[in-house]
Amino acid sequence: MNLVLLGPPGGGKGTQAKRLQDKYGLVQLSTGDMLRAAVASGSEVGKKAKAVMDAGQLVSDEIVIAIIDERLDQADVAKGAIFDGFPRTVAQAEALDAMMAKKGKKLDFAIEIRVPDAYIVERITGRYTCAKCGAGYHDKFQLPQVAGKCDSCGGTEFARRPDDNVDTVTKRLDAYHAQTAPLLPYYDKKGSLKLVDGTMDIADVTKALEGILDASK
C-alpha cells in the first residue's frame, strides 16, 4: 500500500506517519531524508543531487523522482510507503504516478489531514521547550504541572523557536495552500482523495486514518 499524506505545516503529518509506519509496516519517505541518504550513498543520482545542492540550487523534480525510484526498489519498502512532503505540485504528482506505474505500483490514497489555519497558528505560536532538556510545552494545550518549572528535569528556563511567530507561520501556510490546492482536485478525480479532520485528538486522527487503510484491505 502506498499513500501520500497532505496537510499544512504543524498539522501533525509527521506524528501520524510514524504511527502508520509502526502499525502497517509502511516506510515513511521524506524527500529531505531521501536526498541526504542518496548523497551519502554516493550513487549516480546522489552525485547529481550533491552537485546541485553544493551550487546552492534547488534539486529538480527529475532528480527527486529518480531518488524516489531508487528508494522504492529497496527491500524495506516492500509493504509500501508513506510519502511525506512530496508531491507538492500537480507536475510532481504526475511524475510520481508515471514512475510508479512503470514499477507496476500505484498510489492507493492521498489523505489530507485538514486543519484550519487559525488552529495551526495557535498550535505553532504557542509551542516552547525546556532550554535544558528539550521537553515540549504549549501555552494552551500542555503547560508544565508547576508553573515555570519543567516536568522532566526541573529546569526553569524555556525557549521558543524564532520562526514560531504569526507572520512566519502565515507565510508558510499561504505557500502551502498555493502549492497544494491544485493537488486536491487532481487526486479527487482519480478517486484516491480522502479527508481527515486534523483538529481531533492525535489518537482520534490515527483511528480515522486506520479506518481508511483497513477498509481497503
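Counting begins at 1 with the first residue displayed.
Just so you know, glycine gets a Cβ as well, placed from its N, Cα and C.
The structure displayed is predicted, hence computed values, not measured ones.
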Stretch carrying region 'NMP' according to Swiss-Prot (options 30-59, 90-119): 30-59
V59 (AMP binding site) and T15 (ATP binding site), Cα-Cα, nearest whole angstrom: 26
Do any of V59, R88, R161 (binding-site residues) have a CA within 10 A of R127 (ATP binding site), and if so which? R161
According to DSSP, does G14 (ATP binding site) fall in a helix, a strand, or coil? helix
